[in-house]
Each structure stands twice: as C-alpha cells, then as structure tokens.
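Sharing a structure, written as structure tokens. Questions coming.
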Amino acid sequence: MDNVIAIDGPGGAGKSTIARRLAEELGYIHLDTGAMYRAVTYAALQEGIDLNNKEALVKLTKSIEINFNKDGEIFLNSKNVSKEIRSSQVNKNVSKTAAVKGVREILVKKHQELAAKNKVVMDGRDITTVVLKEAEHKFYLTASIEERARRRFEEMKEKNKEANYEEIKENIARRDKLDSQREHSPLKIADDAVVIDSTELSIEEVVSKIKAIIEGA
Ligand code: C5P
C-alpha cells in the first residue's frame, strides 16, 4: 500500500503533531483517528448515554456525522467540537468507547475509505496493525511516560488551562493500560513498524528521521 503512512503509539507521544507536520511537508492529508473516537465519546456524554451500553454506543456511532476541515478542526454533525473533544471528561472516558467492537468497526471502515481515496498520514492505536496493515511505511512513536505527561502539562499551561502534572500522568498511564490490554485491536507494536523513541528528540528531529526513512536515505 503506497501513499499511506501509518503511525501508532501511546497518548502524548507526539503522534498527531508529527503526523500533521509530515502531511504538510509531503502534501498528504492528515487523519487523527483518536479525534474520531473522542467525537463519539463527546456525543455520547452529551446525549447522556451510559458508556457501558455497547448497543447504544454503536447506534450513536452509526447516526452521527464526523468531518474534518483543512485545518484539522473536527465537526460533529456540523458543529465544531475541536475544543470539546479535549476536555478532561472525554479524556477520562474515551478508552471505554474505543474498546467497543461495533464502534471500532464503523470508524475503521471510515478510516480505510479515506486512505483508499487520498494520500494520507494516519495516526492512532491500530493503524499499523489493523486499519492500514498493508501500509508500506509504519512507525511506532513512543516516549517515556514522564516526558509525555510533561508535554501535555506544558501544552495545557500554554493554553492557560488548569493543569496538574500528577493527574495528567495518571490519566495517561490509565489510558495506556486500557488501550494495550483491551480485547479488540489493542495498542501494540507491529512486527514491521519502525520504533522511534522521542523522549530526547524534538519534533523537527522526529519528522526528519521519518522522512529520511521514507525517502530511503
Ligand atoms: O490519540 P488520542 O489520545 O487522541 O486517542 C484517544 C483515545 O482513542 C485513545 O486513548 C484510544 O482509546 C482511542 N483510539 C483508538 N484507536 C485509534 C485512535 C484512538 O482506540 N486508532
């Protein structure tokens, strides 16, 4: 599968930032699949759906429309929810929604349709192992939990949001565990993925490293 770049990794490893930069530099589109799981979770919370009710979550996923604009902003039934999907409520609950097989099936189909029609850099948890299993370029991006928490903390402070480092770290660790231990499409390193640890690397360094690998340098 040419023209697709698949990136997986745990939360806060910089996947989306790196994927967006790469897409810009290569003239590809970027799809942040995590944002879609977040949008479903946000919609469920808004509608008061019990997140243990798998059937209701699947029904909801079928009924909503999720779109992105050129700037990567996300729209739920035409409403811009880019900020709302990053709330602590969504952070806490998204891994629950994402563990539901029926929800995953619907979103995975959308991801695959998009990749069939476009040159795309896609990031998430199951892109290298399920969604784009045949991708020629696969990366697993990670960093130490302390560094990932530190980056999230700085990001929130920059946006003048209240932030507590220990809470952020706990939330990331909890999601890591749920995402890698779930039954359906758990987060794992694909056999043929290149692992990049960005703990000591800048965004630019990671982007250059990935580009060099893709370009065969
Ligand atoms: O990437 P981000 O942290 O925004 O993803 C939010 C959550 O969505 C993850 O913790 C995971 O539970 C879920 N997810 C997933 N599969 C993907 C992308 C995200 O299960 N491809």
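Going from the start of the chain as shown, residues are counted 1 onward.
Using N, Cα and C of the backbone, Cβ positions are placed for all residues, glycine too.
Heads up, here are the entries from TrEMBL:
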DOMAIN    5-214  domain 'Cytidylate kinase'
BINDING   Gly9, Pro10, Gly11, Gly12, Ala13, Gly14, Lys15, Ser16, Thr17  ATP binding site
Roughly where does the domain 'Cytidylate kinase' (5-214) sit in mean pLDDT, to the nearest integer?
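Taking every residue in the domain 'Cytidylate kinase' (5-214) and averaging pLDDT yields 96.
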Taking the mean position of the Cβ atoms of Gly9, Pro10, Gly11, Gly12, Ala13, Gly14, Lys15, Ser16, Thr17 as the ATP site, which residues outside that list, in the same chain, have a Cβ no more than 8 Å away, listed in sequence order?
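Nearby residues not in the site list: Ile18, Asp123, Leu141, Ala143, Arg148.
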Just to confirm: which same-chain residues, 6+ apart in sequence, have a Cβ under 8 Å from the Cβ of Thr17 (ATP binding site)?
Ile203
Excluding near sequence neighbours, so keeping only residues 6 or more apart in the same chain, what lies with its CB under 8 A of Gly11 (ATP binding site)?
Arg148, Ile172, Arg175, Asp176, Asp179
Which binding-site residues of Gly9, Ala13, Thr17 contact ligand 1 in the sense of C-beta under 6 Å?
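If the test is a Cβ under 6 Å from any atom of ligand 1, the answer is none.
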Which ones in the same chain are close to Ala13 (ATP binding site), with CB under 8 Å and 6+ residues apart in sequence?
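Within the chain, Ala13 (ATP binding site) has Cβ neighbours under 8 Å at Leu141, Thr142, Ala143, Arg148, Ser198.
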For Gly9 (ATP binding site), which residues in the same chain are close in space, meaning a Cβ under 8 Å from its Cβ, but six or more apart along the sequence?
Lys15, Asp123, Arg125, Phe139, Tyr140, Leu141, Thr142, Leu187
So, three-state DSSP: helix, strand or coil for Gly9 (ATP binding site)?
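For Gly9 (ATP binding site) - judged by DSSP and reduced to three states - the answer is coil.
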